[in-house]
Amino acid sequence: MSDKGGDNLSEVTDFILVGIRVHPEFHSLLFLLFLIVYGMVLLGNLTMIGIIVTDPRLNTPMYFFLGNLSIIDLSYSTVIVPKAMVNILSQKKTISFAGCVAQLFLYALFMVTEAFVLAAMAYDRFIAICNPLLYSVRMSRSLCIQLVAGSYLCGCVSSILQISVTFSMSFCASRVIDHFYCDSNPIEKISCSNIFMNKMVSFSLAVLIILPTIVVIVVSYMYIVSAVLKIRSSEGRKKAFSTCSSHLGVVSLLYGTVSFVYLTPPSNPELRKVASVCYILFTPMLNPLIYSLRNKDVKDAMKKILWKKKVLL
């Protein structure tokens, strides 16, 4: 198939992913960077999941959400990074049409799901600090499952809408996507269709996702701060804030990197790719570190596992 001509949606069988533009001699170095960071993503998140699953002391709503957060981080990184690594060393940097649809669907699914899970975690911290006596009743196991299931449902619905409008376009100018994975913005650039509806749908989805999650997080922490400031002892205030600091760090990291990605000028695609690397690789790598380094329960559980292994050896 030629890159130019009258190709429409039914005739497109694959796309070409340009990837990150670097000199050929740096391809191996870029591959090594992706490999090392992705390995740390796997190690950190699988370790976090393993600790939460095996230690009965972590069988609480907060760690249930944290375990799901690790699964989400691991998943959206895995959806993109292995294919990107293959293309770095490959001469034929292609992805099938079906593969592109699946990649965009899963990427959008996990990204939206993470936003809602973080909002659920903020609500959990609000109940734990502001209504501690009712915590076990309010944050029941069934409610936690419903919140996570609802997060995935919202992610699934928004992903279906996103891929529906994205891949209903005609691609008559080119099939070359100027990115290292299938994202809606670079795909829209190679379409010869009117993308006004696409932009409206994307904007509407962003508002419906970002606004409620941000509101829940901000309002929850307004109540949390108010409640903590009423605690008389400095030790009590410190303990209360320490349970929230890790979550705030992850929220700041997520929204900071996502804002960096989508607020980067379209005229600078290479900067946008670098911003995407921060979100897809470095955010899921840092999240487990933030929770493990700042969370006493996780550190104690890790020491317990390491001590058991030492005894067995």
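Just so you know, the numbers here start at 1 and follow the chain as drawn.
Placement of Cβ uses the backbone N, Cα and C atoms for every residue, glycine included.
According to TrEMBL, the protein has these features:
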DOMAIN    44-291  domain 'G-protein coupled receptors family 1 profile'
TRANSMEM  29-53  transmembrane segment
TRANSMEM  65-84  transmembrane segment
TRANSMEM  104-123  transmembrane segment
TRANSMEM  143-165  transmembrane segment
TRANSMEM  203-229  transmembrane segment
TRANSMEM  241-262  transmembrane segment
TRANSMEM  274-293  transmembrane segment
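Take the transmembrane segment (274-293) and the stretches 65-84, 104-123, 203-229: counting Cβ pairs under 8 Å, 65-84 has the most. With a threshold of 8 Å between CB atoms, the same-chain residues lying at least 6 positions outside the transmembrane segment (65-84) that come near it are 17, 19, 34, 38, 41-42, 45-46, 48-49, 52-53, 95, 99, 103, 106-107, 110-111, 113-114, 117-118, 120-121, 124, 144, 147-148, 180-181, 250, 280-281, 283-284, 287-288, 291. Long-range contacts of the transmembrane segment (104-123) within the same chain: residues 62, 65-66, 68-69, 72-73, 75-76, 79-80, 144, 147-148, 150-152, 154-156, 158-160, 162-163, 166, 181-184, 187, 209-210, 212-213, 216-217, 220-221, 247, 250-251, 254, 258, each at least 6 residues beyond the stretch ends and with a Cβ under 8 Å from a Cβ of the stretch. Long-range contacts of the transmembrane segment (203-229) within the same chain, counting only residues at least 6 positions beyond its ends with a Cβ under 8 Å from a Cβ of the stretch, are 112, 115-116, 118-119, 122-123, 125-126, 129-130, 154, 158, 161-162, 237, 240-241, 244, 248, 251, 255.
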